[in-house]
Amino acid sequence: MVAHAEIRVVHRGGSKINFREPVITNDSRFLLCASGESVKVYSSSSEECVHDLQGHTDLVSGIVRNPSNHLQVYSCSADGTVRLWDFTDGILIKTFIIGYPIYSIYVSENHGGVVFVVVPMANDKSSELFQLVAVHLPRSGDQEVEARELSAVLCDVSPSGAVSFGREGEYIAAAKGLQLEVFFFKKQKSYRFFLKSGNKKGAKNAFTCVSCHPKEDCIATGHEDGKIRLWRNFNQKKEYTYSTLHWHHGAVNTLQFTPEGTNLLSGGIESVLVQWRYTQENQKDFLPRLGGAITHIAVSPDGSLFCTSHSDNKITIIQSCVKVSAIIQGLVKGEGVRTDLMIDPRSKALVLNGKPGHLQFYSLPRDKLLYNLDIVQQEYIHEEGLDQFEVVKAAFDTRGDWLATVEERTQKGSELEINLKLWAYNEQTQSFVLNTTVTAPHEDQITAMCFSPSPETTMLVTISFDGHFKAWLLGASWSCDFVGGYHLLKPGCCCFSADGSLLAVGFQEVVTVWSPSWELLTTLSQPPGAIRDLCFGRLSCSKYLLGTSTKNQLCCWNLLTCSLEWSTPVDVSLLQADPLSENMAAFCSQSGCSDLFVFKPGESRPLYSQRALCTGKVQHAVFAPRDQMLESCEEHAQWLNRSQLYFLTQHMIHGFLSSVAVTPFYLLLGKHRQQQQQEALTNPMAERIQLPQGSIAIKELLYTPAHVLPSASFLCSMFVRSLLISSSAARKYSQDVDKVINNDF
């Protein structure tokens, strides 16, 4: 007997790398950033990810260098732990269990053995009040240590971390709302300074960020109206002063002093890095056109390297504010993904909306952007309320020779502008080149389009709210071959069969089926509700056509009998067909969550189902063909053999992982572990079968950096000794094996 393997939803990439301030190492060779539930270690020269530090079980919310070891960093997470890493070898050294969700982390060289973290005032993720606490890290040889000694430092702070240490760690400053608070460690006293919400000129005084001068008693604060204030004499409430700097026209998102304090760096929505001279504030340098709005600034300890995080999920590495030396681009998530989630048949890259007016080609195995394709080919102007062209639809043909895109622009008081573009793949440039532009291909919004998979012709079908669908055929050039409609109804979706011999178009509550010669073959009806999505069956299920409706119905028609085969009441937000098998995936919405059902149209029992897959509706998903087919003997996991299913949520791209099948030997070891855990709970002093030498040997082999490992002969002898067990343990092991075999075979 083999127990069922578990299928788990796993993070596949696309996390934010601009969520928190990145960290540059002392030698400036590496850059570390929080990325979902892991910490990414990038080479500052090659831009490649050299390590992915995994261990946290929730969102990583901060990274800081270890002041006492330049090869180590601390990371914190909403999972309630602080972890210490050796980032050069990618090894987890120690886990400190705090027990509260952590939202940011800070350290100071003058506070050894202590980290400062922001946690909720109440032990609840939904809490809206946060405090800064000092955590004393206990010294222990264990890998997991409880750090429960917490001391409150500041109350009511910002969770995103507008906090900075002052000169030699003597004080710490925190800004939130209209209040600046400074806490002096020696005095154990804090001073609060308040600003008015605004003035007659419409200034917005709310604090946005804070940075303390490393050598002098000066605190720089950024504000919503674009001003920067330099505070002095704040060790007494009556005689404090501040001077004002102003260049930014929008909010100051981030401030950072250089290590020697000679310059102050600032950034905001203008995508310009501003460098202010500390003693000569009128003199400033600019590094413009950095892309998206600047959200964070980091400086290397020697001041030779800067980096800026941007709103378009990008990190720019800059050499001393002179020139850009490298760009690390993550998955761009704009205001919304208007196109479908697609797979480029050639590069196998994931394709979707990127920065405004572009499509991004993203490699999931490398978790890296390959390139952006400029679709609109117009300069994007960052101004609120300005109507600009947006890419709303895209589709590849089967071979990846052609890409079709649709861009729209709606201007106040004018008609909708639509462009249909056809892009041909260029072997020399290894990218797509614009071949044809069709201005106003329809009189109203294009709702869907798809290429015919037939190898005989290259054809694109577009459908529109103007009541028509059009077939565009490639001959000497692209031209409109046919215009169709049905009783003045508006079409909402379309789909080709796997061989291209049939085209299904949904006209509100009616499904029409057309031949390649544009003859209307049949119409199919279904329970009330407009057709929202259509999908043909594949391979042995090619006789089926499936559709979803706005009245929460999933319907399956038999095309041989032209009748409804079955229907079920379910709210399907997305229906996807695997191009390499008969399998279909239906994402269903229920109670604010999404459920997944994988099934074959001709079978009543689903192959796989998972409730509460994620929160919210899944609107974008795609089956990606595998390079090599898996050989899974598990029936409920075979749907993953040929293709992988990816779906997009607000934070990242997810996929599915099938664990290794569980054998009787694995079960036997599992039973031993359960018995040992039960014995430990009932009798802590009970003698355990597992020998301590084994764990020491394993830890030496797996957790020690290679360059400091002892000799192989020493490790080998220790490892072999750890495998030897006592005669009584051997007898019990033999009895358990017999028991498992007798019960399971």
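Note: Cβ is positioned from N, Cα and C throughout, glycine not excepted.
Now, the feature entries from TrEMBL:
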DOMAIN    341-652  domain 'WD repeat-containing protein 75 second beta-propeller'
REPEAT    53-95  repeat 'WD'
REPEAT    200-231  repeat 'WD'
REPEAT    245-276  repeat 'WD'
Intrachain neighbours beyond the repeat 'WD' (245-276), with Cβ under 8 angstroms and 6 or more residues off its ends: 21, 204, 208-216, 220-230, 283-299, 301-303, 306, 308, 310, 318, 321, 382
PLDDT averaged over the residues of the repeat 'WD' (200-231): 89
Helix, strand and coil residues within the repeat 'WD' (245-276) as assigned by DSSP: 0 helix, 18 strand, 14 coil
